[in-house]
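Read through the structure below, which is laid out as structure tokens, and then see the notes.
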Amino acid sequence: MESFIVYSVLAGVIALIFAFMLSSFISKESAGNERMQEIAGHIHDGAMAFLKTEYKYLTGFIVIVTVILAIFVGWQTAACFILGAIFSIFAGYFGMNVATKANVRTAEAARHSQGKALNIAFSGGAVMGMSVVGLGVVGIGIMYYIFGGNMEFVTGFGLGASSIALFARVGGGIYTKAADVGADLVGKVEAGIPEDDPRNPAVIADNVGDNVGDVAGMGADLFESYVGSIISALTLGTVVYANKEGVMFPLILSSIGIVASIIGILFSRKSKAKDPQKALNTGTYIGGIIVIVSAAILSNTIFGNLKAFFAVASGLVVGMIIGKITEMYTSDAYSSVQKIANQSETGPATTIISGLAVGMYSTLWPIVLISIGVLVSFFVMGGGSNAMVGLYGISLAAVGMLSTTGLTVAVDAYGPIADNAGGIAEMSELPHEVREITDKLDSVGNTTAAIGKGFAIGSAALTALSLFASYAQATELESIDILNTVTLVGLFIGAMLPFLFGALTMESVGKAANEMIEEVRRQFKTIPGIMEGKATPDYKKCVDISTAAAIREMILPGVLAIVVPVAMGLLLGKEALGGLLAGALVSGVLVGILMSNAGGAWDNAKKYIEGGAHGGKGSEAHKAAVVGDTVGDPFKDTSGPSMNILIKLMTIVSLVFAPVVLQYGGILLNLIK
């Protein structure tokens, strides 16, 4: 086994050992009093019940796709697909299991100090982060070694990761938002009870949803991004460089990224900063600096120049700036969110209008930055004289952006753990000071989640672009002629798909939320003593509604993302499929940014008012902001984040089925001719 494969697998194993150590640390902490443990037990059971049901359905999907791959593409690709799917499931399961233990321990720690609570919540998130990167590089390293570096087979691993990620993100998003919308509209607006009030029948489902969507779903999303970026770099690196330096560089860089993430996590955990945001930022910046310095040394050692370093640095810097810009559009410390809060004074309509405007504005700078990142990485690598080398540079920018994924996921998954801790504190009637600490941690979590979503969409654009280049190479497409009618048809259909996908997922949340609202209203009417706190609501019924709706509604969007590219390639040929991928990439990135940022801005405008601005809780402005937040929920937590996976999944499906499209593509064209 070549040394660079050994290094990458070893780094992955170290990440998994570190995750296990953090998990053990969390388990040893106190889980609080009996009431806290009872509530946490309900949340844990609900989350695990959902995962078991989801995985049961996904097993059937994995079997069907494996058989199709084995027959039409090859058993080797099918084997890689199975491993990618299983590892994606493992990453979600490990992360969710620990997150549902860390939440109650964070609430208990908040009774003692903010620092201790932050440490536990962040450690819980770090388990997810380390599981994602550890399983990612171990899986790719093993498959690369077993199949002798044949990337045609290893792309199957990416397909497995991507398809599970889409179902996890969509299913988790529908679950969490059905519960959230139901709990908010009936609980807050109609019944006038506060958030996380134990009298609300949907409150447990809402807290389960935080884990299902924002821990397992988000983890699977970034697992897929991480794996996809490495696979695209390896695929192009194999073509461009004869002596394996094109493969060696991304694998060793990913290994260094894991070590840098571990160091960053340790710094954040030991930080003495009073502001939780500063503590989290410390680790992120340290991890980023280690990767940039290492990339310079590595680039000079492997390639004898700094070209690869500049490509990697462009990706990492663009990712960090997009994260900061996302914060500026979604944090209540900046004018965009404050404007939405101001517009809430005149009712829900102006709240919605201003939120949509913020979402649209927020597409400008990320797209400009992604474009700069693409240009820099393409030309600095030598794309002017050799296009394939330039495209390899773009894939390195994606690897650079995702090199500290372990840290990104840790910071991102910390948010829902802190949110859950606040819910447990409220339901357990812990002192007001505890809720103040968890609220502070949660508000930082909202910002980190928004930054994470910005990072995810930026990396999705670069990863999909480099996978698209791999597809063009696999199907022997020299260029895509947009004056070609067939390509134009593909472009139109591709550009439409993110809107159709968004409509399906938004409608699914609406349907599921409707069921939830009816159930919560029924319980308020038919169970005497709920409002007085004398009777316990039927929490399980609401959990079951969310689970059933999420599983039912995730199937169509998921199947669509896989079937449409294959159908397009078979019916209209490789040029039309190339057009479809380009159209979906452009519109998917824009729709994803708009939805994620508009939703985040509405959410924080509501929190800004709850902090005392514009009349505070219970005011007319607050009621309007709650409506905005409710509309924004499926925007930012279901449809928006799903766009990243959609564009990457369609590209990797096309790459895996490229041999089939090359052999049988254009059936309809041949009939017409």
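Backbone N, Cα and C define each Cβ position, glycine as well.
What Swiss-Prot says about this one:
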BINDING   Lys177, Lys636  substrate binding site
BINDING   Asp180, Asp184  Mg(2+) 1 binding site
BINDING   Asn207, Asp210, Asp419  Mg(2+) 2 binding site
BINDING   Asp603, Asp629, Asp633  Ca(2+) binding site
SITE      Arg169  site 'Important for ion transport'
SITE      Asp214  site 'Important for ion transport'
SITE      Asp221  site 'Important for ion transport'
SITE      Ala449  site 'Determinant of potassium dependence'
SITE      Asp637  site 'Important for ion transport'
SITE      Lys648  site 'Important for ion transport'
TRANSMEM  3-23  transmembrane segment
TRANSMEM  62-82  transmembrane segment
TRANSMEM  84-104  transmembrane segment
TRANSMEM  154-174  transmembrane segment
TRANSMEM  279-299  transmembrane segment
TRANSMEM  302-322  transmembrane segment
TRANSMEM  364-384  transmembrane segment
TRANSMEM  449-469  transmembrane segment
TRANSMEM  486-506  transmembrane segment
TRANSMEM  553-573  transmembrane segment
TRANSMEM  576-596  transmembrane segment
TRANSMEM  652-672  transmembrane segment
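Mapped onto this structure are the features recorded in Swiss-Prot.
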residue	record	DSSP (3 states)
Lys177	substrate binding site	helix
Asn207	Mg(2+) 2 binding site	helix
Asp214	site 'Important for ion transport'	helix
Asp221	site 'Important for ion transport'	helix
Ala449	site 'Determinant of potassium dependence'	helix
Asp629	Ca(2+) binding site	helix
Lys636	substrate binding site	helix
Lys648	site 'Important for ion transport'	helix
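Considering only the recorded sites Asp214, Ala449, Asp637, the residues lying within 10 A of Lys177 (substrate binding site) on a C-alpha to C-alpha basis are Asp637. Apart from Asp603, Asp629, Asp633, the Ca(2+) site neighbourhood in this chain, defined by C-beta within 8 angstroms of the site C-beta centre, holds Asp180, Asp184, Gly599, Trp602, Lys606, Gly628, Thr630, Val631, Gly632, Lys636.
A straight line from the CA of Arg169 (site 'Important for ion transport') to the CA of Asp603 (Ca(2+) binding site) spans 20 Å.
For Asp214 (site 'Important for ion transport'), the same-chain residues lying six or more positions away in sequence with a CB closer than 8 A to its CB are Gly172, Thr176, Asp412, Ala413, Gly415, Pro416, Asp419, Ala449, Asp637. The stretch with the most CB contacts under 8 Å to the transmembrane segment (652-672), chosen from 62-82, 449-469, 553-573, 576-596, is 553-573. Contact counts against the transmembrane segment (154-174), taken as Cβ pairs under 8 Å, peak for 486-506 among the stretches 302-322, 364-384, 486-506, 576-596. With respect to Asp184 (Mg(2+) 1 binding site), the closest of these recorded positions in Cα terms is Asp629, chosen from Asp210, Asp221, Asp603, Asp629. Listed in sequence order, the recorded positions near Asp633 (Ca(2+) binding site) (C-alpha within 10 Å of its C-alpha) are Asp180, out of Asp180, Asn207, Asp221. Taking the Cβ of Asp637 (site 'Important for ion transport') as centre and 10 Å as the limit, one finds 32 other Cβ atoms among all the protein chains shown. Recorded residues Asp629 (Ca(2+) binding site) and Lys636 (substrate binding site) have their alpha carbons 10 Å apart, per Cα-Cα distance. On a Cα basis, Asp180 (Mg(2+) 1 binding site) lies 9 Å away from Asp210 (Mg(2+) 2 binding site). Among the stretches 302-322, 364-384, 553-573, the one making the largest number of Cβ pairs under 8 Å with the transmembrane segment (486-506) is 553-573.
Within the same chain, residues 54, 57, 61, 65, 163, 166-167, 170-171, 174, 486, 489-490, 493, 497, 500-501, 504-505, 508, 511-512, 580-581, 642, 645-646, 649-650, 653-654, 657, 660-661, 664-669 sit at least 6 positions outside the transmembrane segment (553-573) and bring their C-beta atoms closer than 8 Å to a C-beta of that stretch.
With a 10 A radius on its CB, Asp633 (Ca(2+) binding site) counts 24 other CB atoms from all the protein chains.
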